[in-house]
Amino acid sequence: MPSLVVESLPSRAAPPPAPPAWWRRRGARLALPAALAASCFVLPAPAGLTGPAWRLLGIFVATVLLILLNALPEPSAVLLGVTAAALTAVPLKAVLAGYADSTFWLIITAVMMSVGFRKSGLAGRVGLLLLRAFGRTPLGLAYVFGALDLLLATSIPAAPARTGGLVYPLARGVLDVTEAKGGEGGRRLGAYLTVSLYMLSMVTGSLFLTGMAPNVLNASLAAKILGVQLTWPLWTLAAAPGFLLFLGLPVLVSRLAPPGVLPVAAARERSRAALAALGPMKPREWIVAATFSLALGLWATSSLTGVNIAVVAFAGVSVLLVTHVIEWKDLADSKETWSALVWFGGILGLASALDGTGFFKWLTAAIQGCLPPGRMGTGAAFLLIALLATLPHYLFPSLVAYVATFSPVVFSFIAATGAPRYPAALLACFLMTISSTLTHYGNGLGPMLFDTGYVGKATWWKVGLAVTALAAALYLAVGLPYWRLVGLYR
């Protein structure tokens, strides 16, 4: 039997082991959100706000901070927030309400449908067809890839997956063919296409409710705080000034980041060869094209047909599964689907629970108390809304965190000023997404494209500021009269 040896204690206590490197890096980023949430449990609630609302606010802001500081991935941060809210502030049923939201399921099923685009090869074929037809000049290339991104934005609500995973690889193929990394002319073409595609992606993402997942969060918050219903067809109808921005953007970027006159004929020849190798459209490509076209038509006419847009998306995914265009394993392996399922439903649920506590009404009253006596002029209100919806984005490396943090403030400001609610909400929603262009970190796509090394920070920020300013001017000068014309000025 082995003996047990008890070692004598040293005369002085040994220093505690140093924490592992991963904790030293992440510890500070976890400490700040934890301290903020804890303060709402220790400090008394402000006058007019209940204890559960005050605690839930701390948890909500701490969850957003975890995302903002990259302390945890979005799904992990939201799951932690949902758990804390259910344990300490509100019933679990209230926090899980976001998972029962039909627009939430529209986004999830749209992500599922995007798997069919990738697996069938239809997205690549469309890109090659556009390149063969219109890719004669650098400007033409920007429009080609922008048009493909516009098409995909109707059903892929994530710029990294849409532009980073499908569109930009086609552009990189063009740059490789034209030896874009060799010589000053090649780098200029690379810089032009890279910054153009990022700016175009943010604009196309703003044109459809399904263009960016945070669009749905914005629409949900607008409904809760302002009582406006931003449906898929209404959103796209209202986005007409954004389509004008889309058409003019490649020209604007060509003035600020000139692409030169590098010939791109070799890229067109390569597209012809690639299309010849693909052969005629396969049955699964036809199925995806038909399913997508039918879904798009039903989304656009949902106000006339009465068919729920989420049901349409479910039907589209079902068709793709039954016809074996995609398999369940493809969806089970899709990280984008499961990440969106966890974080997006959770953040919607937290916002819904916060609304149920009366917080947004309290915030509106608090903002009203800070405004000068008398009704603010409509023009001044719209200008302030545009500034509130754009400039703070410089501080946020995530569109999700930005929308979750600032949308309640902006919408409560709209309610407090008495500005017409539909145009004010639309202005804020569109500009919050487009203001992702201000920096190279305003959306998850930014670091992916910035790390290619084609574009410097100064050029990126200069172009982004010009795009955001032009978008604000278009929506103020053209959007407001247009919304009055189509009956949305109410």
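Residue numbering: from 1, along the chain as shown.
Each residue, glycine too, has its Cβ placed from N, Cα and C.
What TrEMBL says about a protein is an automatic prediction, not a curated fact.
For the ranges 34-50, 102-118, the feature annotated in TrEMBL as transmembrane segment maps to 102-118. Contact between the transmembrane segment (102-118) and the transmembrane segment (53-72) is not supported: fewer than 3 Cβ pairs lie under 8 Å, counting only residues 6 or more apart in sequence. By the Cβ criterion (under 8 Å, sequence separation of 6 or more), the transmembrane segment (189-209) is in contact with the transmembrane segment (424-443), since 3+ such pairs are found.
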